[in-house]
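TrEMBL has this to say about the protein:
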{"type": "COMPBIAS", "residues": "131-143", "note": "compositional bias 'Basic residues'"}
{"type": "COMPBIAS", "residues": "155-190", "note": "compositional bias 'Basic and acidic residues'"}
{"type": "COMPBIAS", "residues": "202-213", "note": "compositional bias 'Basic and acidic residues'"}
{"type": "REGION", "residues": "123-213", "note": "region 'Disordered'"}
């Protein structure tokens with residue numbers, strides 16, 4: 001069973017996979033581009049980056065590691081010479097590019113073209129600071145209009161307050177008038193009652209006098 005084994009399933013055993021990866025890396029460094037299956041291209045990408053990193057170092061130990069990985073002394077010499085002449089000097093990674101071609105007829109496997117990225121890195125354009133927007137200046141006409149509008153609002157508020165005060169005063173006067181009329185009516189009724197009582201008393205006295213006579 002397949003346990004404790006890292007990597008993609010490429011449909012081959014370990015020794016076949018190792019030999020296939022080595023041949024693909026050799027073909028890539030020889031021709032600068034290869035056509036293969038997407039999974040195989042992604043599988044050899046770390047090996048390609050590792051060999052280019054060793055070539056950038058350029059020491060004897062790195063050269064021996066590259067020979068052990070590629071298995072071709074002449075090809076390793078060519079790669080180290082190209083890198084020493086300035087290839088990949090401005091890159092710290094991303095030495096390969098994968099372009100998809102679509103699926104292959106027959107087994108429907110996704111096909112890609114893998115190539116070395118040899119063009120120089122484009123310098124990033126310096127970002128210019130955005131110009132600050134000037135603050136809008138208020139014209140004297142706008143200021144005058146705003147002042148007149150505020151004055152009109154203040155006058156309207158004063159007039160509304162005065163109208164409310166007048167209405168309240170009229171209501172209070174009407175209430176006081178009604179109270180005065182009610183008091184006068186009460187007084188008139190009391191006076192009429194007193195007069196009637198006096199008349200009754202006089203009539204009673206007269207009756208008593210008549211009886212006495």
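Backbone N, Cα and C atoms are what each Cβ position is placed from, and that goes for glycine too.
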Helix, strand and coil residues within the compositional bias 'Basic and acidic residues' (202-213) as assigned by DSSP | 11 helix, 0 strand, 1 coil
What are the helix, strand and coil residue counts for the compositional bias 'Basic and acidic residues' (155-190) according to DSSP?
-> 36 helix, 0 strand, 0 coil
